[in-house]
Amino acid sequence: MLCQPAMLLDGLLLLATMAAAQHRGPEAGGHRQIHQVRRGQCSYTFVVPEPDICQLAPTAAPEALGGSNSLQRDLPASRLHLTDWRAQRAQRAQRVSQLEKILENNTQWLLKLEQSIKVNLRSHLVQAQQDTIQNQTTTMLALGANLMNQTKAQTHKLTAVEAQVLNQTLHMKTQMLENSLSTNKLERQMLMQSRELQRLQGRNRALETRLQALEAQHQAQLNSLQEKREQLHSLLGHQTGTLANLKHNLHALSSNSSSLQQQQQQLTEFVQRLVRIVAQDQHPVSLKTPKPVFQDCAEIKRSGVNTSGVYTIYETNMTKPLKVFCDMETDGGGWTLIQHREDGSVNFQRTWEEYKEGFGNVAREHWLGNEAVHRLTSRTAYLLRVELHDWEGRQTSIQYENFQLGSERQRYSLSVNDSSSSAGRKNSLAPQGTKFSTKDMDNDNCMCKCAQMLSGGWWFDACGLSNLNGIYYSVHQHLHKINGIRWHYFRGPSYSLHGTRMMLRPMGA
């Protein structure tokens, strides 16, 4: 930038020098002068022509000029030429002097111009520096503002990232706290389960000890039964001899039966004669009307009785009458009750013989007896009705067609057809052909002896889905009892019921 004024000054000097050279150009000869000008880092070279000095032409030799006469003729002409040359030379010297003055004036003017340019150049340089500083300041301010904006943006981003990291940290702390609480809860549960396991282990050890004691007791009972068996065997031998004696006496009695028949014949004839005598008498003889005989409650219902209560029936091939409770109101009446549970007043943990003959009060809790039910169901097809009541007031009933009970030799096996009920479609009663079991007669098709484990006598098929003769549990104690009064598809396998009834009626009655 500092070289531009110098270049301008040197250009002006060049123009002046070229103008002077042009003024002297026509007179210039073959010689030239070289002038070099340097201004700062720039240099300039000027080539100026130098005028030649004109020399007189050499005088020819006299021989060439044709003798002395020709020289004498040409001498005035040479002098004339020299005079012109001197006049031209003086004129040229004057012009050179003028050009030098012009050059000196131009040089002074150029020096003044240089000084003016330097002064102006300083002001321009100061202004240029100020403009440059202002531009740089503006640029730096713009850069600073841009940097500030970028810094603010980065600060906002960092603040957002910091907030996000803080939120994630709080979330992780919350999750760790929840995990810690969950871990503490699991530890407490594991501790409680460990304590419960220890308690169960202690109870299991107690049960094992009790089981060992029971096994020892059962072994002692088996030994006692073995001794009793041997005693019975010896007694059986004694009874065999006694039976032989009785047989001999029976033959003797049969021989005497003929005489008894004769006496009976005579007695019959005497009675007939007595009847004829009484018939011939004038006084009338009142005869009692024979009392009607019923084989079940349905026949009593057909006779016109409509009140539920205890009645007497006479079953086939039975020598003594049987008292039964007749329900004359439920579903048309005529039902003969064979089982009733309502308050736990009767213990149903009985032997085979007791279940065979029956026990309890027929007006309340009782079991009619397997033998009576067998004789009752052997003469015709019967309908079995089972009624169930729970502790919440709900009740249901199930009916089975073609119910029949086998003989004692058949272990009072169960025979029923399909059921219809409000307790679900599935059947909780034992399947066809299941035998009756008690605590002293195991017919349950299981090594576990269900009658002893679940209590009572019932048709157990590998312990099965029902037992209406189990232990009677009162309210608030009836839950989680597998040895209670249960019917699986009514209230589940461990709910002990409030009351039950089982009753029979001939089909079609």
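For all residues, glycine too, the Cβ spot is worked out from N, Cα and C.
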C326 - recorded disulfide partner, Swiss-Prot, among C297, C446: C297
Residue among disulfide-bonded residues C326, C450 with least C-beta crowding, 10 angstrom cut-off: C450
Most crowded position, judged by CB atoms within 10 A, among C297, C463 as disulfide-bonded residues: C297
Per-residue Cβ crowding (10 Å cut-off), top of glycosylation sites N149, N417: N417
